[in-house]
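Heads up: the structure comes next, in structure tokens.
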Amino acid sequence: MEFTKMHGCGNDYIYVNGFTEEVSARKKPELVRRLSDRHFGIGGDGVIFINRSSQADFEMEMYNADGSRAEMCGNGIRCVAKYVYDKSLTDKTSVSVISSGQIKYLDLIIKNVMVKAVKVNMGSPILKAADIPVISENEEVISEMIEVEGKVYEMTCVSMGNPHAVVFMEDVENLDIEKIGPYFENHVRFPNRVNTEFVKVIDRNTVQMRVWERGTGETLACGTGACATVVACILNGLTEEEVTVKLLGGKLHIRWDRRENLVYMTGPAETVFEGEIEI
Ligand SMILES: N[C@H](CCC[C@H](N)C(=O)O)C(=O)O
């Protein structure tokens, strides 16, 4: 099987061309676990298959490193756009990509005939998703307390298609995320598990964020997590509508247009290497 290793802000996935590579759905979770392993496989935060779609230009089928599916992936979708353009699967500079039934629209930023960065319309945040039943702006309940391992944290839950718990704190640098992350991920509050963002507000246009991803663990960046974080910051009156999110692997620029109620994410997409692996 041929593959391409790509990343957005260090959030790295293995990309597989579903037009040419055939893998049965039944075998995918096990294959994903094997390929994602950083010692026994290629290594990555998960695997993304790029497929044909009748509703959008392309379909993105995303898997976490543990073989579970995710509905959406912000860093991944930018890399999908780079993949299809750089490999001439399209010559359009605006493309649509569907993932778990949700279509996103992407504008490619091109330099020397290659995609350098991508601006994505990530759609509207969902403040009352089925698995995140708490917040409602109208009812002004935007944050809630959660007890994790005997400590109480303040969090705001936002879905960007996939679920996020945004936890505000002063010291994200020294946080023992390997220890606390799994407790949030598997908390009874989240029957479908959750992605958790630990956030420090630096100023009205800048925040620092670390993430513990559902199904993968700590990653260097999370695009949907950065979007959810900015929505949570704005709802809590902590930032303006345009925010730079500083992550371990780089920066993402997020804007929540309140009038349109749409979240825009702009960030890099990079190819690292390509290869072939026996499956
Ligand atoms: N890293 C991804 C999100 C993966 C989310 C996944 N871990 C989930 O189970 O929802 C991003 O850039 O948006």
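Heads up, the Cβ atoms here are built off N, Cα and C, so glycines get one too.
Unlike curated entries, TrEMBL annotations are predicted automatically.
The model shown is predicted, which means the values in this text are computed figures rather than measured ones.
Taken from TrEMBL, the feature active site covers Cys73. Classification of Cys73 (active site) by DSSP places it in coil, neither helical nor stranded.
Close to Cys73 (active site) in the fold, though at least 6 residues off in sequence, lie Tyr13, Gly46, Ile48, Met60, Met62, Ser99, Asn162, Gly223, Thr224, each with a CB less than 8 Å from its CB. TrEMBL lists Cys73 with the feature active site, proton donor.
Sequence-distant contacts (6 or more apart, same chain, Cβ under 8 Å) of Cys222 (active site, proton acceptor) comprise Asn11, Gly74, Asn75, Asn195, Glu197, Val211, Glu213, Leu247. Residues annotated as active site, proton acceptor in TrEMBL: Cys222.
Its own atom aside, the Cβ of Glu213 (substrate binding site) has 29 Cβ atoms within 10 angstroms in the protein chains shown. According to TrEMBL, the substrate binding site annotation covers Asn11, Asn64, Gly74, Asn75, Asn162, Asn195, Glu213, Arg214, Gly223, Thr224.
Using a 10 Å Cβ-Cβ cutoff, Asn11 (substrate binding site) registers 31 neighbours. According to its DSSP assignment, Gly223 (substrate binding site) is helical.
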